[in-house]
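Asks: Please find one structure pasted underneath; my questions will follow.
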Amino acid sequence: MWRGRDVISARDFGRRDLEELFETARYMEKYSKSRLEFLRGRVMAVAFFEPSTRTRLSFEVAMRRLGGDVIGFWGAEGTSVEKGETLVDTVKMLDAYSDVIVVRHRYEGASKLAAEVAESPVINGGDGAFNHPTQAMLDVYTMWREFGTVDGLNVGLIGDLRHARTVNSLLETLTNFRVRVYLISPEYLRPRVETIDYVQSRGLKLSFHTNVEEVIHELDVLYVVRIQKERFIDPLEYEKVKGSYRITVDMLKNARRHLIILHPLPRVDEIDHRVDATPHARYFRQAALGVPLRMALLYLILQS
């Protein structure tokens, strides 16, 4: 089901796809610090037009752990892109050199365009404000590993839910499971209407809240994204809102004992650092699982 497929949108993958990916990732966990030879002789090209730490590094480590090689660039500086080379021409060049291409771009649809011109599979490493499918796969995989299932979970999403592309892809991925989602944000930072309409049409149960303390006692998972300061005209309004959506140790006193807190990272100040020492913190394990998850993804796409 996976071999040779592009990974452009979370909407393209169903439950069976995800379950196969998760089972393969769990196998890969045993080898996430070893070196295998599954992809020996294969080359992954990375075309990252935007900054990235975890996505880029986990893809690189994953490919090397599988025995493959990595080429590419991280930012346009020092490349022909800086001279004005188009995305299409850049992708065609990378396609000639590699077996799979990972693209990260600020413009929505960049990965889809790359897939249309490349013969090799293309993986969306994050584009525009609404797509980051492999992060969503990692987020749901972390839930699956923590609880043994995703079905039946109460999942809270808190912060700037409109402008975080991880949120959009996560909601789309969660439509494959029987979960209830609590959207916790100011009304003007809720996900865009198109996303809400789509996930509800797929049967995802949503409820809307402005205060996390009203619902924290019901949650199994709390997924935190930062409030994006650059979206506010009034700095005072930003400071007011930011403080209302910050996770603290005191806030967790009413949480379920098994609640896990996830974050796609990087964290700014939306989670108090003292939360790191609580049994609820799972965001660093979540980031670490990015290697076996992406090992599984590359293996399934490139397997002979």
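From the backbone N, Cα and C atoms, a Cβ is placed for every residue, glycine too.
According to Swiss-Prot, the protein carries these features:
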BINDING   R54, T55, R104, H132, Q135, L265, P266  carbamoyl phosphate binding site
BINDING   K83, R165, R226  L-aspartate binding site
Asks: For the recorded carbamoyl phosphate site formed by R54, T55, R104, H132, Q135, L265, P266, name the remaining residues of the chain with Cβ within 8 Å of the site's Cβ center, in chain order.
Replies: S52, T53, G125, G126, T166, P264
Asks: By a simple count, how many Cβ atoms lie within 10 Å of the Cβ of Q135 (carbamoyl phosphate binding site), its own Cβ left out?
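Replies: For Q135 (carbamoyl phosphate binding site), the 10 Å Cβ neighbour count is 26.
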Asks: Quick one: of T55, R104, H132, L265, which binding-site residues lie within 10 angstroms of R165 (L-aspartate binding site), measuring between C-alpha atoms? Sequence order, please.
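Replies: So far as Cα distances go, the binding-site residues lying within 10 Å of R165 (L-aspartate binding site) are H132.
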Asks: If you measure from the CA of R226 (L-aspartate binding site) out to 10 Å, which binding-site residues from the list R54, T55, R104, H132, L265, P266 are inside that radius?
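Replies: The binding-site residues close to R226 (L-aspartate binding site) (Cα within 10 Å), listed in sequence order, are L265, P266.
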Asks: Output the one of H132, R165 that, of all these binding-site residues, has the highest number of other Cβ atoms within 10 Å of its Cβ.
Replies: H132
Asks: Please state how far apart, in Å and to a whole number, the two most distant Cα atoms are among R54, T55, R104, H132, Q135, L265, P266, the recorded carbamoyl phosphate-binding residues.
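Replies: Between the most distant Cα atoms of the carbamoyl phosphate site, 16 Å.
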Asks: My understanding is the cutoff is Cβ-Cβ under 8 Å with a sequence separation of 6 or more in the same chain; which residues meet that for T55 (carbamoyl phosphate binding site)?
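Replies: Non-local contacts for T55 (carbamoyl phosphate binding site): R104, G125, G126, H132, T134, Q135, G290.
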Asks: Fewest other Cβ atoms within 10 Å: which of the binding-site residues R104, P266 wins that one? Let me know.
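Replies: Result for the binding-site residues R104, P266: minimum number of other Cβ atoms within 10 Å at P266.
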Asks: Which residues in the same chain, at least 6 apart in sequence, have a Cβ under 8 Å from the Cβ of R54 (carbamoyl phosphate binding site)?
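Replies: R54 (carbamoyl phosphate binding site) has long-range Cβ partners P264, L265, A287, G290.
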Asks: What does DSSP say about R54 (carbamoyl phosphate binding site): helix, strand or coil?
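Replies: In three-state terms, R54 (carbamoyl phosphate binding site) counts as helix.
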Asks: Measure from the Cβ of L265 (carbamoyl phosphate binding site) and count the other Cβ atoms within 10 Å, all protein chains considered.
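Replies: I get 19 for this one.
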